[in-house]
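*Asks:* Feature annotation from TrEMBL assigns domain 'PPIase FKBP-type' to 71-159, 183-271, 295-382. Per TrEMBL, the feature domain 'EF-hand' maps to 393-428, 438-473.
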Amino acid sequence: MFPIFRCLYTNENIPMNIIFLPIDPPKWDVIPPETTLVFDIHLLDLWNKADLVVTKTITTPKDCKRSVMRTDFVRYHFNGTLLDGSVFDSSYTRKQTHDSLVGEGWLIKGMDEGLLGMCVGEIRNIIIPPFKAYGEKGSGTEIPSQATLVFDVLLVDIHNPKDNITVDNQVVPESCTRRSVVGDYIRYHYNGTFLNGGTFDTSYQRNSTYNTYIGMGYVIAGMDLALLGVCIGERRRVIIPPHLAYGEQGAGDVIPPSAVVVFDIHVIDFHNPNDTVEIKINYRPEDCNETTGENDLVRYHYNCTLVDGTPLFSSHDYDNLQDAVLGADKVIDGLDQGLRGMCVGEKRLVTVPPHLGHGEKGATGVPSSAVLVFDIELVSFEKGVPPGYLFVWLQDTPADLFEALDTNKNKEVPEEEFGEFIKLQVAEGKGRVKPGLIMEQVIADMFNNQDRNKDGVITAEELKLKVEEDKEREAARHEEL
């Protein structure tokens, strides 16, 4: 065992504890009286009972919005050495931060003091005398008795168990007319980082928004809070303490235990499952006497975008107008609704929630669960006929329809004679055929429906109105039941 000497520092008569290590130990069994002893000394440590914890900032971030206070929870990396430079511990070798409350007795007293006032990203050198470290007992085989400790500390993270979320860098569009509430479904982009700026996830890299319901527990509690009250197009930075994020467990190898997470959010759109189609009329002609309705054939121009203005489709990219029969399931439900009640020349802005658009699956060029905006101009339309009909009367049906059809009075009506009659009714405004079809095809289909024995002519016994046929089918169905 090597000797530990307590000596007097004679210049100032201050008692000091000094540890000496003889380089070539003498033989202690025989020391003659009055012998002068000569020692080669290696000074390992030096401290005084009046010493304080000494801190020196090596680097500090330019923007320090928060520093360590008592009761804060911190995560930090450190290298721990003795005064002679001998390493006794390092968090870097474990590849894991040291996590602790400050000022609550979780740490040695000197570290509790040395961490106070540090900022995230700051590197600080902390020298701790033994009576504020491990004292006379030391710690294991690595830290000897009465050892002064030196820590080089990098503060990675800081929060307080009482913290709520913090919203920074908020940019709200001037045109914000609606804010999100519990139960809304939202699409947003985000960058996820730690307090030191390290990125752990980003939706931009996947080129896809993150989509979720708000306030229903589908995301971490802090994000649920952060997404409430936002506007479409809003950007905000949200700082979430671990007890509202991934807690003491963290998340796999990506998010460490007790980590504060930071999300830079861009809200793309949101809607509520109870939302209906929103229609804004930008222009309506004064002489609007007739409007579109179910079964009508409409012809229109449109531009389709996302809520943020991202263009998706436009009828102007094609040679012909867009056309559709309303109520025939030819366009998405929301657009079908938006095209009803329009006058020729009218212009509308129609906002369609996804459950009336392309839904959760989206479509080619349309993201999943996207709210769509249609800028529509109605160019023309033709009044339609009910489903299952090819022709409807606009005036009273002739008292004897077959007699009216049989213009040559020979008791039979061939297709040519039938066609001339139908064309005459349409020309005189007495009837209307199903729009969007070729007249000759409509006539051929109507004739074939009436020529029940397929002999090429219609007789009085064969001729029946569609209404009468429907009544007969309904009666037959009731008889079967």
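Each residue's number is its place along the chain shown, starting with 1.
Including glycine, each Cβ sits where the backbone N, Cα and C put it.
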*Asks:* Which sequence positions outside the domain 'EF-hand' (393-428), separated from its termini by at least 6 residues, show Cβ-Cβ distances below 8 Å to it?
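*Replies:* For the domain 'EF-hand' (393-428), the list is 439-440, 442-444, 446-447, 450-451, 456-460, 463, 465.
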*Asks:* How does the domain 'PPIase FKBP-type' (295-382) divide up by DSSP, counting helix, then strand, then coil residues?
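*Replies:* Summed over the domain 'PPIase FKBP-type' (295-382), the classes give 12 helix, 37 strand, 39 coil.
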*Asks:* Could you put numbers on the helix, strand and coil content of the domain 'EF-hand' (393-428), residue by residue per DSSP?
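*Replies:* Across the domain 'EF-hand' (393-428), the residues distribute as 18 helix, 3 strand, 15 coil.
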*Asks:* Treating G and I as helix alongside H, and B as strand alongside E, what does DSSP give for the domain 'EF-hand' (438-473) in helix, strand and coil?
*Replies:* 20 helix, 2 strand, 14 coil
